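Trainee: Just dropping this structure here.
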Amino acid sequence: MGKLQDWSITTCLFLFFLHASQTHCTSQSHVRNRLYRSKRGIGSSIDTSHLNAIRRLSVSLSLQNISGVNQQEQKERDLIENLPGQPSVNFKQYGGYVTVNESAGRSLYYYFVEATNTKNSSPLVLWLNGGPGCSSLYGAFQELGPFRVHSDNKTLYTNPYSWNNVANMLFLESPAGTGFSYTNTTTDMENPGDMKTAADNYVFLVKWLERFPEYKGRDFYIAGESYAGHYVQWRHGCGDFGDSYNVRTEDDESNGCYGMASVV
């Protein structure tokens with residue numbers, strides 16, 4: 001009885017959060033348009049400092065305290081056997097946290113679904129929704145993920161057009177404060193910015209690949225929509241990331257990010 005009650009609570013929280021995410025996302029295009037108008041103003045210039053920050057990030061920062069974590073055990077804990085009301089599928093899915101800043105207590109939540117049938121050869125795609133602050137779970141369950149929500153708001157059905165038909169999909173809740181991602185430091189919420197978001201995304205990827213090392217060496221793409229068009233540009237700082245993790249690129253086919261895309 002207690003387990004059934006826990007699932008009921010989980011289902012309610014999931015559906016409430018999905019509805020809240022959808023409501024929030026309806027305004028992201030307005031935020032994006034205001035930003036573009038301000039950038040086109042007289043004397044204005046686009047801030048690219050976050051790209052330089054990514055280049056300065058070291059792997060030693062990315063791997064802080066990672067040696068004390070058994071990544072294989074953490075991966076097993078992240079395994080999602082079944083979502084509430086989901087149909088039977090032939091791929092695995094995972095959800096969990098990756099700490100990107102130990103001292104601040106800042107952790108990002110991810111939802112990962114393997115490619116159907118071809119997980120061992122398909123590329124890895126990182127998906128980011130816009131906002132800023134729009135949950136990538138909205139993208140996962142309303143746009144390009146493997147499931148959609150039935151009209152009864154209680155069960156799921158498979159999405160025949162899911163991107164995981166051709167790729168391993170990694171949905172990231174970023175920046176901290178978005179969706180299930182959180183921080184224990186108040187100033188993180190008071191002083192957000194693209195530079196901090198890009199740096200956290202970089203650290204997340206380095207640590208995530210320690211948890212899922214089988215995806216090192218894969219073709220790697222970054223994709224997103226709306227304001228995420230600003231985030232995906234941190235691919236220019238992925239050279240150091242690729243050097244350490246042998247992720248294929250479009251530049252030299254051995255390091256960094258293989259491609260990027262932004263959907264308006």
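Each Cβ is built from the backbone N, Cα and C atoms, and glycine gets one as well.
Straight out of Swiss-Prot:
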{"type": "SIGNAL", "residues": "1-23", "note": "signal peptide"}
{"type": "CARBOHYD", "residues": "N65", "note": "N-linked glycosylation site"}
{"type": "CARBOHYD", "residues": "N101", "note": "N-linked glycosylation site"}
{"type": "CARBOHYD", "residues": "N153", "note": "N-linked glycosylation site"}
{"type": "CARBOHYD", "residues": "N184", "note": "N-linked glycosylation site"}
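Would you situate these features in the structure and describe their surroundings?
Mentor: For N101 (N-linked glycosylation site), the same-chain residues 6+ apart in sequence whose C-beta sits under 8 angstroms from its C-beta are T183, D200, V203.
In the three-state DSSP scheme, N153 (N-linked glycosylation site) falls into the coil class.
According to DSSP, N184 (N-linked glycosylation site) is assigned to coil rather than to any helix or strand. Of all Cβ atoms in the shown protein chains, 12 besides its own fall within 10 Å of the Cβ of N184 (N-linked glycosylation site).
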Trainee: How big is the gap, in Å, between the Cα of N184 (N-linked glycosylation site) and that of N153 (N-linked glycosylation site), rounded to a whole number?
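Mentor: Cα-Cα, rounded: 32 Å.
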